[in-house]
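Engineer: Can you read through this structure? Questions will come right after.
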């Protein structure tokens, strides 16, 4: 597809931006290379081999998702599974009304990860409700001689069909016909966990700290806590989560209004840059400095007041984790940390402005010209919506495929031995023929129980490889989507730069034309660059995984090596992102392949390394200040509204558990909205800067 442009003749041609920026930087305008003809007309497909590979991989990815959909069963992830491989709460099964999983001996479960993944070496049964009182099998057996009521309650936690309360306790526990004991529990994650309650700083279950099991052995709540370590924190998190959901339900309309305000302010901010770029940017810088200065003053004031109050000198480490954020705001140490952080940020901004004030003026000239380009091609401001939708599709497909792959496989049963020295322990077994084997004789009390989902077919053996492939292709598609957006925006803004008369010579629909060129001619080049970045990111993920496995090890040398590797790959990822971005700009301008475009961009940047290192960072810094100003301004308005400090809207403020929930949502959402607009602006500035350097 031919790109519409103005082709200059051998006479000297200058764009207004180049002239102004040259004067600001050199003191006089430079001349362009007379052989340079701007964006080319005749384009051809670049990196065709990579394009073919990319298309084949996409087709294979679709095939992988189809196979996973046919083989997988999300119920294995949604519903817990008992020791017989049956789903709890699944309609149309005997467990339809039994939606909660009960563990016979939760003390055998060493950590919560074992519980959630159904790997606890104890019998697991589906029950309709969790136990609500303490009891042991021995107590029930003794009470059965007087009344059958305790047994009728206890038997619902035994194996289906077991109704022999006179069976000796030792044999019952050996065969795991019934649990040794039951403790008050409540359902969480569709599983029965002890109902931990903290009273006066002491962890209890039903106000008890000690109890006995069926063998009259003394047990403590501490043992339950160690067996289900972290469950209490998860329960507290669930309660906090419910309150957060209620806060969102009560304030969603006001959150939406705040985000709309951020959208309007961001759009107005960019439009105003065209006419008042210098004034507005200096106003932004000064406003940010003043806002941070006010924050420093407020933190110092709070610190001074709390320092004089008794009990406010407690450290954050002493009180530990608290779900109520207001607890931390009552500590003088919290405000001291805020004070030091804001002071450091303020000092850094002032130092940057003092030593780079001349570069700031050049960056403002670039931003002023960028605002003109954006104002002439307003459609570019809304292109991030297309990128967001494409990323949402990729993420959804990846998540669904991962779930179906994870739920692929048949039920695998293994021998769970009561004796530690059983030779058949953890061996695969068949529950239908287990009683006919010699395992029960060799290992009294051994049972054939459900362990996990898997299989022996090649598909099941390579599920892990398929999951890694799913992740790699997902990263490739995400980076390709971002690359497509960058190349599209760069092509649109390059057509603006090389138009001699603006806006007369700007081609019609420059964004659509640039998008069409990128898809038609440069899919292979964009896929090539995206693949390189995806492989680096994949290596980082693998390193993070291996490092997490070594956290419990004491091998200092290995931890040091992994730390160095993680640092190196982080730097490599940043460098590849930077080079890819500039390579995509060169692809949009010249239509060359990825490697040649990356080489040209690298050489061009190295010839202008000082300006690249300074102007690029200063420009990003100024745009960052704009995003902070927009998010901070909307956040301040939201804070005054939610804390009833705006008299007009006091009666409209919803009743909330945590006012910081909608406040942080508005601030974070406003920053993302501003980032979406300013990312287009940053791409415009980078494109114009490379064109100017050329």
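Positions of Cβ are set from backbone N, Cα and C atoms, glycine also.
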Engineer: From the ranges 226-250, 301-325, 376-400, grab the one TrEMBL calls transmembrane segment.
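Structural biologist: The range carrying the transmembrane segment annotation in TrEMBL is 376-400.
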Engineer: Which stretch, out of 184-202, 203-221, 279-297, 412-430, is listed as transmembrane segment by TrEMBL?
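Structural biologist: In TrEMBL, residues 279-297 carry the label transmembrane segment.
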Engineer: Labelled transmembrane segment by TrEMBL, one stretch among 519-536, 537-554, 591-608, 645-662. Can you tell me which?
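Structural biologist: Checking TrEMBL against the ranges 519-536, 537-554, 591-608, 645-662, the transmembrane segment one is 519-536.
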Engineer: Transmembrane segment per TrEMBL sits at which of 2-24, 25-47, 48-70?
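Structural biologist: Residues 48-70 are the ones TrEMBL records as transmembrane segment.
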Engineer: Could you tell me which of the ranges 451-471, 556-576 is annotated in TrEMBL as transmembrane segment?
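Structural biologist: Going through 451-471, 556-576 one by one, TrEMBL flags 556-576 as transmembrane segment.
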Engineer: Tell me, please, if the transmembrane segment (335-356) and the transmembrane segment (376-400) are in contact, taking contact as 3+ Cβ pairs under 8 Å between residues separated by 6 or more positions?
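Structural biologist: Counting Cβ pairs under 8 Å, fewer than 3, so no.
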Engineer: What else in the chain is close to the transmembrane segment (279-297), if you only count residues 6 or more beyond its ends and a Cβ gap under 8 Å?
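Structural biologist: Beyond its ends, the transmembrane segment (279-297) has Cβ neighbours at 269, 272-273, 338-339, 342-343, 345-346, 349-350, 353, 364, 367, 622, 625-626, 628-629, 632.
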Engineer: Give the one range among 48-70, 252-272, 519-536 whose Cβ atoms make the most pairs under 8 Å with those of the transmembrane segment (621-643).
Structural biologist: 252-272
Engineer: Within the same chain, where does the transmembrane segment (556-576) have neighbours whose Cβ lies under 8 angstroms from its own Cβ atoms, ignoring anything closer than 6 residues to its ends? I mean 6 or more beyond.
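Structural biologist: Same-chain residues near the transmembrane segment (556-576) but 6 or more away: 532-533, 536-537, 539-540, 543-544, 546-547, 550.
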Engineer: Taking the transmembrane segment (252-272) as the first stretch and the transmembrane segment (473-498) as the second, find out whether 3 or more Cβ pairs fall under 8 Å, excluding pairs closer than 6 in sequence.
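Structural biologist: Between the transmembrane segment (473-498) and the transmembrane segment (252-272), which are separate recorded stretches, there is no contact, as judged by 3 or more close Cβ pairs.
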Engineer: Taking 48-70, 376-400, 473-498, 663-692 as candidates, which has the most Cβ pairs under 8 Å with the transmembrane segment (519-536)?
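Structural biologist: By Cβ pairs under 8 Å, 473-498 leads among 48-70, 376-400, 473-498, 663-692.
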